[in-house]
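Report on the structure given below.
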C-alpha cells in the first residue's frame, strides 16, 4: 500500500492533467478533442452574439454598398444576420491583424470568417469528442458517424461552397432571412431543386421525420400497462429496468397488418439502425450535392425539352422553374452586375457588320 501511495504522489502535473482530461467520471467529458472544441466554440459563440447585436454594416459585394445585419443597426431577430465577408476579400485569410484598423475589418465582414472558421473547427472537434467518449466507454462509434451528416452539411455551405465560388461573400449568412436569401440565390444559380442529391436529402429529412413519428407513436401505443388510469403512463418505467417497456410483437403485428407483413421490422436492432441511417445518408448526399454545385456542376436542365411538330416549345414544369430562376437571379446583387450570365448574349455582335 505504501508503494502505491508513493507512486500516486510522484505523478507529474502533466500526468494528472491528462487523467482529468480523459476521465469519464467528470460531469461533462472533456477529452483531447474537447481541448480544442471548447475555446473554438466559445470564440465563435461570443463573436456571433456581439456581432449580431452591434456589428456595423458590411460591404458584402465589394461595391461600397454596405448591408446592415445587426440589431443596433435596425434589424430584428428574423431579419438580422452576420453578413458574409466582402467579395473584395475573396478567399483571403482575413484575421483582425491583416486589416489596417478594426473599423476596416468590420466594414469588410471580418467577423463572419472568424465565426465560421472557429465554428467548423469546433463542430469537427465535437464529432471527434463523441468518438473519443464512445471509445473510452467501450461503445461502438456510430454516434460520431451520424453526427458527421450535419458537420458535412455545415462544411459544405460555409467552406466548400465559398471555395468553389471564389469568395466567402458567397457563403451562407448567419441569420434566418440570410439563410432564406442563400437558398433562393442557390436555386437561381444552380437549380438545386433539380439535383438528384438534393432530392435524396429531402427524402432523408422528410422520411426521417415520418419514420421517427411512426416509431414513436407505435411504441407509445404498445406500452405494457404498469399504471392505473389515474397515473401518467410514464410512471410505469424505471430507468435501467431490464424488462421491455413496450410490446414489440404487438407493434410489429399492428404495422404488418396496416401495410403488409414485410414492411414491419421484427428486429429492434435493425430497426434502430434504419432510423439512424436513413436521414444521415440523405444529408450526406445533400452535402455532396452542395459541394459539387459549388464548382458549378448544377442540377438537371430540362428547359425547352418538349417541342411540337413545328418546333414550337411546349412548356413543362422545368420551364416554369427556369422562369422563376431567372427572376430570382436578376433581382439579387442587382447593383453588382448589369445582368446575370444566363441573360447575356451568346455571341457578341460584330462591329464590322
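Glycine is treated like the rest: Cβ placed from N, Cα and C.
The feature transmembrane segment, as given by Swiss-Prot for the ranges 29-46, 47-64, sits at 29-46. For the ranges 118-133, 166-181, 230-245, 246-261, the feature annotated in Swiss-Prot as transmembrane segment maps to 118-133. Of all Cβ atoms in the protein chains displayed, 16 besides its own lie within 10 Å of the Cβ of residue 333 ([CaMn4O5] cluster binding site). Residue with the densest Cβ environment among the binding-site residues 170, 189: 170, by other Cβ atoms within 10 Å. Scoring each of the recorded positions (126, 161) by how many neighbouring Cβ atoms lie within 10 Å, the top position goes to 161. For residue 118 (chlorophyll a ChlzD1 binding site), the same-chain residues 6+ apart in sequence whose C-beta sits under 8 angstroms from its C-beta are 40, 41, 43, 44, 47.
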